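Engineer: Just dropping this structure here.
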Amino acid sequence: RRKARVSCSLPEPSWQERLANAVTPLWRLPYQEQLQVKYESQRKILQTLASRLEELGIDAQKPGGLCCPLQPVVPSPIINGYRNKSTFSVNRGPDGNPKTVGLYVGTGRGRNIVCVKANHMENIPSKHKQVAQCYEEFICGSPLDSCILFHEGGHWRELVVRTTSCGHTMAIITFHPQQLGQEALATQKTLLKDFFTYGPGAVCALTSLYFQESTMTRCSHEQSPYQLLHGAPHIFEELLGLKFRISPDAFFQVNTAGAEVLYEAVGELCQATGDTVLLDICCGTGTIGLSLAHQVSKVIGVEVVEKAIEDAEWNAAFNGISNCEFHSGKAEAVLPQLLASWEDARPLVAVVNPSRAGLHYRVVRAIRNCRSIRRLLYISCKPEGEAMRNFLELCCPPDPKKKLAGEPFAPVLAIPFDMFPHTVHCELVLLFTR
């Protein structure tokens, strides 16, 4: 007699589990184990950097094959619901509803994208989930379609929710106008405003409701202005005893409590004295520079987002800080001009906190070629990516062909900060000196 086959296959994970596994792959691990996983990944990055520097003829091998000592991962003060900003997509859900508001499972390349509600996600606060649920309710009641593929029409697109520890909530809704005229657009804006002020969405108690018409995947305020439909133009956050104003597209660390710990450490690593000038590159709303302004003689901030610079200047004035100046523009355009004529005798310390794209080569070159900069702090949310290219550019031997005349930097200390519990990501602070 043939034996009956026993199936050992595990049941298919639910859509909620698939989403949690995709966005927060460490969610099942106890927090101390998450920190250990992150420590090991940062250790591998420093080993890679040591190997790459060796290839350039630089003796960078330290104990354990690292390029410099690595401290344990600094834990996040808040582990669940820590995000102060969430971006929700609109697409087809597991039940086929094309107006599902959530996060993606699958990829565009694999043509298997499914939008799953994020109600169970541990890193997202309940307020963000509430606004997402209300937005879904609104668009499901709208006669207008969701915009899944631009060329196929439809209008309703993503939702960004920003919250602060002061209890403020900002919602930013992106809308593809397609062929709608101004009158039809005005009608939609009125319906949206009424829903969130007098209708079911009033439970969200929004501080600010913004609307952006966009025909592109991502759109800056300069390309298509954020239109305030309701409430205050800004929300406010408190950090290290200072008050910060936040515009719709201004950068602010996604974990506020974690940012406080990070910035305090940056202040110590700068070793700034009363006559130090702090150069804050990619300064956003000025949080790092302003939080360290009391330690230094002057802060110079550079930031590409114009509205963020307006916020930084307001933040300085509101907090009574008068030793800061902020420059709006691409760092690769502003910084070389700023440093080329630098003749200030005061010590100059640079802090860079770029996006995942890293620093433009011209920025690295300007830093290298400015002899006054002896100490550099590089804060990276993705050190294994483009930041690695920057590390090598900072440390490589002088190269006349690339106009790199300045003395090379060397990595001396690495400290990872867990700004993103349940995910594999870490914020790495790498201290370079020369």
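Glycine residues also receive a Cβ, built from the backbone N, Cα and C atoms like all the rest.
These came from TrEMBL, pasted as-is:
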ACT_SITE  C381  active site, nucleophile
BINDING   Q253, E303, N353  S-adenosyl-L-methionine binding site
Engineer: Could you measure between N353 (S-adenosyl-L-methionine binding site) and C381 (active site, nucleophile) for me? Cα positions, answer in whole angstrom.
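Structural biologist: N353 (S-adenosyl-L-methionine binding site) to C381 (active site, nucleophile), Cα-Cα distance: 9 Å.
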Engineer: List the same-chain residues at least 6 positions away in sequence whose Cβ sits under 8 Å from the Cβ of Q253 (S-adenosyl-L-methionine binding site), in sequence order, or say none.
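Structural biologist: Long-range Cβ contacts: A259, L262, T287, M419.
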Engineer: Near C381 (active site, nucleophile), which residues of its chain come within a Cβ-Cβ distance under 8 Å, counting only those 6 or more away in sequence?
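Structural biologist: Counting only residues 6 or more apart in sequence, the Cβ neighbours of C381 (active site, nucleophile) under 8 Å are S355, R356, M419, H425, C426, E427.
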Engineer: Give the sequence-ordered set of same-chain residues, not counting Q253, E303, N353, with Cβ within 8 Å of the centre of the Cβ atoms defining the S-adenosyl-L-methionine site.
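Structural biologist: The surrounding set, listed in chain order, is F251, F252, C282, C283, G284, T285, T287, I288, I379.
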Engineer: What is the maximum Cα to Cα distance, in Å and rounded to a whole number, among the residues Q253, E303, N353 annotated as binding S-adenosyl-L-methionine?
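Structural biologist: Farthest-apart Cα atoms in Q253, E303, N353 are separated by 15 Å.
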Engineer: Below 8 Å Cβ to Cβ and six or more residues apart, same chain only. Which residues does that give for E303 (S-adenosyl-L-methionine binding site)?
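Structural biologist: Looking at Cβ-Cβ distances below 8 Å from E303 (S-adenosyl-L-methionine binding site), excluding near sequence neighbours, one finds C282, C283, G284, I309, A312, F326, H327, S328.
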